[in-house]
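What TrEMBL says about this protein:
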type	residues	note
ACT_SITE	HIS111	active site, proton acceptor
BINDING	CYS119, CYS122, CYS173, CYS176	Zn(2+) binding site
Amino acid sequence: MLLAKHTLALTGAGMSTESGLPDYRSEGVGLYARTDRRPIDYQSFISNEKSRQRYWARNFVGWPYFSRVRPNFGHHQLARWFDQNKISFIITQNVDRLHHQAGPGRILELHGNSHFVICLGCGHRISRVELQQRLVDLNPDWKRLLETNTDVAPDGDMELRDDLVNEFQVPSCPKCTSGVLKPDVVFFGENLPPERKIEAASWVDCTDLILCLGSSLQTFSSYRLLLQAHANRIPIVIVNIGPTRADSLASLVLNAKISDTLGMVHSLIS
């Protein structure tokens with residue numbers, strides 16, 4: 001980092017585990033290891049009304065905890081390094097918006113963020129806070145569930161019984177009154193917006209060091225960026241608990257906690 005002019009940090013779900021959000025794939029402790037829960041895929045959401053009802057019911061119950069999560073040491077350290085011109089870019093796979101909460105910077109949310117909702121019909125965009133209030137108004141008997149659940153997935157999803165889900169009321173778009181509302185995130189099986197893909201690739205082209213933090217790089221949208229960096233002979237450092245898809249591309253791989261590693265690096269370069 002001392003020699004690099006433009007360092008890029010690429011972060012995944014492991015970046016936010018110390019804030020209280022689980023990751024998906026960590027051995028023994030990730031969501032996939034502990035439960036049978038899987039994120040909804042794009043086709044299921046857009047083609048099946050029952051799938052949307054289930055998604056929004058679970059997201060409704062998980063939102064109070066998810067929205068209270070705050071940045072941890074790792075988020076704040078990257079923000080400090082940005083202020084000190086030690087890193088130039090942050091690309092995150094996370095939808096929790098914690099990098100923005102930690103401080104300003106050149107941050108690209110590769111998969112969008114869960115704090116906004118978009119209408120698939122007219123494109124109208126509202127805050128998730130606004131939608132939560134509409135959901136409360138439509139489902140007043142559900143308020144008791146909002147204060148008792150903390151087992152939240154990285155995208156804000158919660159486990160609920162089917163009989164509860166079947167009673168849940170989901171609103172349409174408040175502007176066009178008929179459009180389907182979807183979180184402004186890229187679901188599994190959904191393509192990245194072309195302009196976002198182009199911007200991420202352009203940032204990699206401007207970089208001379210990549211720090212990959214807390215990602216197994218199983219999604220191609222992020223793995224593609226490391227393939228691009230490797231082809232451009234850009235050094236790659238990976239910090240993650242467990243193996244990643246790009247270990248063979250990296251100059252250095254550390255099986256370690258992000259906070260411990262960033263704290264040590266901070267001491268060395270300060």
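Counting starts with 1 at the first residue shown.
A Cβ is built for glycine as well, from the same backbone N, Cα and C atoms used for every other residue.
HIS111 (active site, proton acceptor) is 22 Å away from CYS173 (Zn(2+) binding site) when you measure Cα to Cα.
In three-state terms derived from DSSP, CYS119 (Zn(2+) binding site) belongs to an extended strand segment. Sequence-distant contacts (6 or more apart, same chain, Cβ under 8 Å) of CYS122 (Zn(2+) binding site) comprise CYS173, LYS175, CYS176, GLY179.
In the three-state DSSP assignment, the secondary structure recorded for CYS173 (Zn(2+) binding site) is coil. Around CYS173 (Zn(2+) binding site), a 10 Å sphere centred on its CB holds 19 further CB atoms from the protein chains shown. Each residue in LEU120, GLY121, GLY123, HIS124, SER172, PRO174, LYS175, THR177, SER178, GLY179 lies on the same chain as CYS119, CYS122, CYS173, CYS176 and has a C-beta within 8 Å of the C-beta centroid of that Zn(2+) site, without being one of the site residues. In sequence order, ARG125, CYS173, LYS175, CYS176, GLY179, VAL180, LEU181, LYS182 are the residues near CYS119 (Zn(2+) binding site), counting only same-chain partners six or more apart with C-beta under 8 A. A count of other CB atoms within 10 A of each Cβ picks out HIS111 as the most crowded of the recorded positions HIS111, CYS176.
A coil conformation is recorded for HIS111 (active site, proton acceptor) in the three-state DSSP classification, outside any helix or strand.
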